[in-house]
């Protein structure tokens, strides 16, 4: 126990160092996110800090691959998928790329994780679901990375719930992801000294997909749909916002400030308050998921539909109220 605790502490210190180095690099290269109508911050802020999170995790994956030959293929393929998503994000942070180029790399990463599921005996259906989940969560975390601490705190919380579901030999993977996120948090919350950037947001989405896949394939008595419950805040806000924009005929891949959390900011809420509020909802959803994870699959599907339908109605109600408030303020 003491040895495991010491290893986790050492990794946390490594992740802190990597995040600090990412901040120094961004400052030196003048990688700055400028304020604008499609952004929720008011001052130019360095970006690309997620490179520190990714670097620490890739170093850990490399060390684990050397020490755990039985898991070497899975570790190396997962690390490759992470490096691909982070790499295209890193490129985009330096020189913006067309959305289709990023999407193609995200799909390649999805193929890699789907291949691991297939190799594990998952068959075509589970492999296809793994592919869709990977591509979806990469982009959801990118969409939702818009205010201080939100994306990284949500990833840390989700990883903690995944660690609880995973068996003892796999739980450290989830704890390492959570610790890497927590190491970045002081640089990004409550005041943002640096943003995750595309290198970090996309990587976190991939990591959430990887952990969810691990829980489904190796978790003990967990109904598959329940692994999505701790992500409900992001799934609902990103999903319904995307649906509204598609129905309206907008260019849905274009940057915008129409998510519910962004409407809260427009109406005067602070970044810290919104991030903490989202975190509280995630804690509630995660605890409910833990309580209900052993239920019959049919019941968990029904409860999931009810949960997300109710959440969607609340989302629509709050969004309409916030838009009306924002419009009144604009007319004053």
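Even glycines carry a Cβ here, placed using N, Cα and C.
Listed features, source TrEMBL:
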BINDING   142, 198  Mg(2+) binding site
TRANSMEM  6-26  transmembrane segment
TRANSMEM  47-67  transmembrane segment
TRANSMEM  103-119  transmembrane segment
TRANSMEM  125-143  transmembrane segment
TRANSMEM  173-189  transmembrane segment
TRANSMEM  196-216  transmembrane segment
TRANSMEM  222-247  transmembrane segment
TRANSMEM  268-291  transmembrane segment
TRANSMEM  297-317  transmembrane segment
Cβ-based contact of the transmembrane segment (222-247) with the transmembrane segment (297-317), 3 or more pairs under 8 Å: yes
The transmembrane segment (125-143) vs the transmembrane segment (173-189): 3 or more CB pairs under 8 Å: no
Maximum Cβ pairs under 8 Å to the transmembrane segment (103-119) - stretch from the list 6-26, 173-189, 196-216, 268-291: 196-216
Cβ contacts of residue 142 (Mg(2+) binding site) (under 8 Å, same chain, 6 or more positions away): 198, 201, 202, 205
Tertiary contacts of the transmembrane segment (268-291) (same chain, 6+ residues out, Cβ under 8 Å): 40, 147-150, 153-154, 157-158, 160-161, 164-165, 189-190, 192, 226-227, 229-233, 261, 307
Within-chain partners of the transmembrane segment (297-317) [C-beta distance under 8 Å, separation at least 6 from its ends]: 223-226, 228-229, 232, 235-237, 240, 260, 285
C-beta crowding around residue 198 (Mg(2+) binding site), within 10 angstroms: 25
Conformational class of residue 198 (Mg(2+) binding site) under the three-state DSSP mapping: helix
